[in-house]
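Trainee: For reference, the structure I am asking about is given below.
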Amino acid sequence: MSLVVRNLTARLGRTEVLHRVGLTAQAGEVTAIVGPNGSGKSTLLRCLTGDLSFSGDVLLNGRDPRTIPGWELATLRAVLPQASALAFPFTALEVVRIGLEARGSADRTGIAQAVLARVGLAGFEGRFYQELSGGEQARVQLARVLAQVWHPVPGGAPRWLFLDEPVAALDIAHQRVVTDIARAFAAEGGGVVAVMHDLNLTAGFAHRMVLLAEGRVRAEGPPDTVMTDALLSAAYGCEIRVGVIPSTPFLLPQMPDRQPPLR
Amino acid sequence: MSEAADIAAVPAGDRRARARRATFGLAAAVCAVSVLSLAQGPAGTSLWSALAALVTGEPIPLRDRVVLLDIRLPRLALGLLVGAALAVSGAVMQGLFRNPLADPGLVGVSAGAGLGAIAAIVLGGALPVGAAALVGSSLVPLAAFFGGWISTLLLYRVSTRGGRTSVATMLLAGIALGALTGAVSGLLVYAADDAQLRELTFWGLGSLAGASWPKLAVAGPIILTALALSPLLARGLNALALGEATAGYLGLPVQRIKSAAIVSVAAATGAAVAVSGGIGFIGIVVPHLLRLATGPDHRMLVPNAALLGAAMLILADVIARGVIAPAELPIGIVTAIIGGPFFLWILLRSRGVLDL
């Protein structure tokens, strides 16, 4: 089972933002979408989650998500937007429960407590969302998203997580919490598609990378095939050098006037 | 089963048990103020002697029966309905606009209803004799209801593009429409004579004094239908607190929820304003108090708002009838004089605790 995208073209207003994009993401893997600002990463995610109309084909578990009823789609995939505003003073527990409310679910409170513990927020149930730090709020939202696809889908089809910059607000330790959760979700058979900015972090946790630039896919594959000097330099429009420690590629910091000798 | 377990051991951050207890308390309060409302009045009719007569089988004097059944009881019923309608409409609007300061007036219903009522009062005398006889004393409420309805439809049309309603556009268009109806109302007020001006002022301040069974028969079903449907919106309003996109990701039919919320608020508020005039404050203060006390979960907020709104309006009416008896104050003055400082006190007390 997989997520297949073919010839996807999308517009924002009058501007064509994505041009005939094609990619494949497998269930059981973490697929990261990377690329410079304005390359169309978030727009692509909005197309995949059904938030934006497009032309072309998207097949989620072999079905066009545009033909799946909203309530059923909500059991198949959950979406973590880049920024989540919350009106009204809900507690952390109540926010997570909203993720479960949309469908009938037994023991919502128990599930909400479990996912809050999973994101490292045990004991935060009664705290008001608005009083939490940015990183804590981000993890409450992640818990809500995990709760939404907590239950297996009838028929055993894989469930999907679509995450738009899930680690943007997080310190290094909590980045690990999130990447571990994504890997664990994939290890249990789910699919994860994440828009990422931090290439080093991505190389360490994604199974596959999709490199976007100017609305087109420039490269797709395991991190060591995408993270190359030539591909990244061309995509980001600046000189980038990639080093390799045993199997994981990483970026070397580049100072414009003080290039460290690499030889 | 899980519901029972939830009550037994309330987990941290779960305020539903508290909200349920509040429901019982508020229901008791509604009963208490209802008895008070039936018992009190300038006619000297005693609810207690009437009840005693009922029990002992003695005949109740005709005058007492008229006062109780045709004056106080319809007034009580109207107050309960209007209070519940205003408070629930406020809660739904605030949920829809994701803003605790939203008010049923935002969908344009109050401005349109006000204009309709003013037009009926000022221009009603110019109606052909036949038409005037047909609508009779219902002219003002009817004009208010249709005025509110038309302006809501107009706003809805302006802010809906390609099947998607923008609540932000609706808010801005509402301000524009409010200014326009205000200007036309101003023109009409300018043209009004002294008697009409007095009627306009009293209509604007609101009153339950015009309550009668025929009025209830018209407004009651509209308000009750809207009230009965509003709990169905609660789950959707909870999800909307996370934003429209996320509510959609959660599988909710966002556009249908928005349309249903707007229609139910326009109907309930339109009917309430038509029969009782401009009673402010209930729609904004009741949901706010409940959110402070038991949290913003709309599944509990909406029914509790109906109860608290009904109780508050009846209490205000009891005060309005009592303070300068046998005359009575317009109820809008009472709700504002008592509610305003109380609301400020709540805000000061909770300052820094809860961010709007």
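Note: Cβ is positioned from N, Cα and C throughout, glycine not excepted.
Because TrEMBL annotations are produced automatically, they should be read as predictions rather than curated entries.
Not my notes, these are from TrEMBL:
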TRANSMEM  B:73-93  transmembrane segment
TRANSMEM  B:105-127  transmembrane segment
TRANSMEM  B:133-156  transmembrane segment
TRANSMEM  B:168-192  transmembrane segment
TRANSMEM  B:212-234  transmembrane segment
TRANSMEM  B:260-285  transmembrane segment
TRANSMEM  B:305-324  transmembrane segment
TRANSMEM  B:331-348  transmembrane segment
Trainee: Are there at least 3 C-beta pairs under 8 angstroms linking the transmembrane segment (B:260-285) and the transmembrane segment (B:105-127), leaving out pairs fewer than 6 apart in sequence?
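Mentor: These two segments touch.
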Trainee: Counting only CB pairs under 8 A, let me know which of B:73-93, B:260-285, B:331-348 has the most with the transmembrane segment (B:305-324).
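Mentor: It is B:73-93 that shares the most Cβ pairs under 8 Å with the transmembrane segment (B:305-324).
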Trainee: Return the stretch with the most CB pairs under 8 A relative to the transmembrane segment (B:73-93), choosing among B:168-192, B:212-234, B:260-285.
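Mentor: If we count Cβ pairs closer than 8 Å to the transmembrane segment (B:73-93), B:260-285 scores highest.
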Trainee: So which residues does the transmembrane segment (B:168-192) touch in its own chain, when a touch means Cβ under 8 Å and the partner is 6 or more beyond its ends?
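Mentor: Distant Cβ neighbours of the transmembrane segment (B:168-192) are 97, 105-108, 111-112, 114-115, 118-119, 121-123, 151, 154-156, 158-159, 200.
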Trainee: List, by number or range, the same-chain residues at least 6 past the transmembrane segment (B:260-285) whose CB is under 8 A from its CB atoms?
Mentor: 78, 81-83, 85-90, 92-93, 95-96, 101, 103-105, 107, 109-110, 113-114, 117, 140-142, 144-145, 148-149, 152, 156, 165, 202-208, 210-211, 215-216, 218-219, 222-223, 225-227, 229-230, 232-233, 236-237, 309, 312-313, 330-332, 335-336, 339-340, 342-343
